[in-house]
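K.L.:
To start, I am sharing the structure in question, which I have written as C-alpha cells.
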Amino acid sequence: MSRGITAVVPAAGVGRRMASVVPKQYLSLAGRTVLEHTVLGLLEHPAIDRVVVAIGAEDAWFGELGLARHPRIRRAPGGRERADSVLNALALVESRRVLVHDAARPCLHPADLDALLAVADHPQGAILACRVRDTMKRGDGRGAIAESVPREELWHALTPQCFDTGVLRRVLADALAAGQAVTDEASAMEWAGFHPLLVEGRADNIKITRPEDLALAEFFLQQRQESNR
Ligand SMILES: Nc1ccn([C@@H]2O[C@H](COP(=O)(O)OP(=O)(O)OP(=O)(O)O)[C@@H](O)[C@H]2O)c(=O)n1
Ligand SMILES: C[C@](O)(CO)[C@H](O)COP(=O)(O)O
C-alpha cells in the first residue's frame with residue numbers, strides 16, 4: 001500500500017448553472033481544461049500519490065484527455081448527486097486519509113494544500129474555508145430582508161476537505177441512507193457528531209459555478225503563473 005494520500009475529485013456534474021456547451025469541468029482555462037488544472041495540480045504535490053476521479057456515465061470528454069491514461073489516476077462512476085459520486089470514488093481509495101476536492105475548483109493554491117495537509121491526521125478531519133467578508137442577510141422568502149446574520153464565525157466551506165477514509169466512507173453512506181442533505185463531506189461528518197477543523201484558505205479558491213466565474217478563474221491562474229516566474 002502506498003504511503004501517500006489519495007485525492008478524490010468529483011467531476012460527474014452537468015454544470016446546469018454554468019449553462020455551457022460542455023460540462024464546466026471540460027471548459028478551456030489558461031490552455032487546458034478545468035479538470036486537468038485541478039487533477040494535475042493535486043498530483044504535483046508530493047503528498048498526493050493518486051487521484052480517483054468520479055466521471056458521469058454519459059461523459060464523452062474524459063476519455064479524450066491524457067488524464068484517462070495517467071498511471072496515478074483512476075476513474076470511478078459518478079452518482080446522482082455530488083455525495084453519491086464521492087461515495088463511489090471512496091470505494092477505490094486505499095490510503096488511510098482521503099482528500100476530496102471539487103473538479104470545479106482549479107485555482108487551489110499549493111500553500112493552501114500544504115496548510116490542509118499539515119492537519120491531515122486530525123481525528124475530527126479538516127476543511128479549507130474562508131471567512132465571509134460581507135454583511136450577511138437572511139431573506140424572508142419573499143425577496144426582502146428578514147434579518148442580518150452575525151458574521152463573526154461564518155465561513156465559506158471550500159475544498160479540499162480531508163478525513164479518515166474509513167470513517168468518511170461509513171458516515172457518508174449512513175447520512176445518505178438517512179436522507180440527509182449532504183452538500184460537502186464535512187456536513188456528513190457533522191451529522192455524525194464530528195467537528196472538523198476550519199483551515200483558513202484563500203478567497204481565490206473559487207468554485208466555477210456561473211458563467212462569470214470562468215474569467216475570474218483565468219485571471220487568478222494568470223496571476224499565479226506570473227508570480228511563479
Ligand atoms: N452528481 C454530481 C454532481 C456534481 N459533481 C461534482 O461536484 C463538484 C461541485 O458541484 P457543482 O459545482 O454543483 O457542479 P454541478 O453539479 O456540475 O453544477 P450545477 O449544480 O450547476 O449543475 C463539481 O466538480 C461537479 O462535477 C459530481 O461529481 N457528481
Ligand atoms: C463542496 C462545496 O464546494 C463546498 O462549498 C459545495 O458544497 C459544493 O456545492 P455544489 O452545490 O455541489 O456546487
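Placement of Cβ uses the backbone N, Cα and C atoms for every residue, glycine included.
Note: TrEMBL annotation is automatic and uncurated.
Summarising the annotation, TrEMBL assigns site 'Transition state stabilizer' to Arg17, Lys24. According to TrEMBL, the site 'Positions MEP for the nucleophilic attack' annotation covers Arg151, Lys207.
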K.L.:
Quick one: Cα separation, Arg17 (site 'Transition state stabilizer') versus Lys207 (site 'Positions MEP for the nucleophilic attack'), in Å?
P.N.:
12
K.L.:
How big is the Cα-to-Cα gap, in Å, between Arg151 (site 'Positions MEP for the nucleophilic attack') and Lys207 (site 'Positions MEP for the nucleophilic attack')?
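P.N.:
Given the Cα positions, Arg151 (site 'Positions MEP for the nucleophilic attack') is 21 Å from Lys207 (site 'Positions MEP for the nucleophilic attack').
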K.L.:
Listed recorded sites: Arg17, Lys24, Arg151, Lys207. Which have a CB under 6 angstroms from an atom of ligand 2?
P.N.:
Lys207
K.L.:
Rank the recorded sites Arg17, Arg151, Lys207 by the number of other Cβ atoms within 10 Å of each Cβ and report the first-ranked residue.
P.N.:
Lys207
K.L.:
Whole-number Å only: compute the distance from the Cα of Lys207 (site 'Positions MEP for the nucleophilic attack') to the Cα of Lys24 (site 'Transition state stabilizer').
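P.N.:
Lys24 (site 'Transition state stabilizer') has its Cα 10 Å from the Cα of Lys207 (site 'Positions MEP for the nucleophilic attack').
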K.L.:
Inside 10 Å of the Cβ of Lys24 (site 'Transition state stabilizer'), count up the other Cβ atoms and send me the figure.
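P.N.:
Cβ-Cβ neighbours of Lys24 (site 'Transition state stabilizer') within 10 Å number 27.
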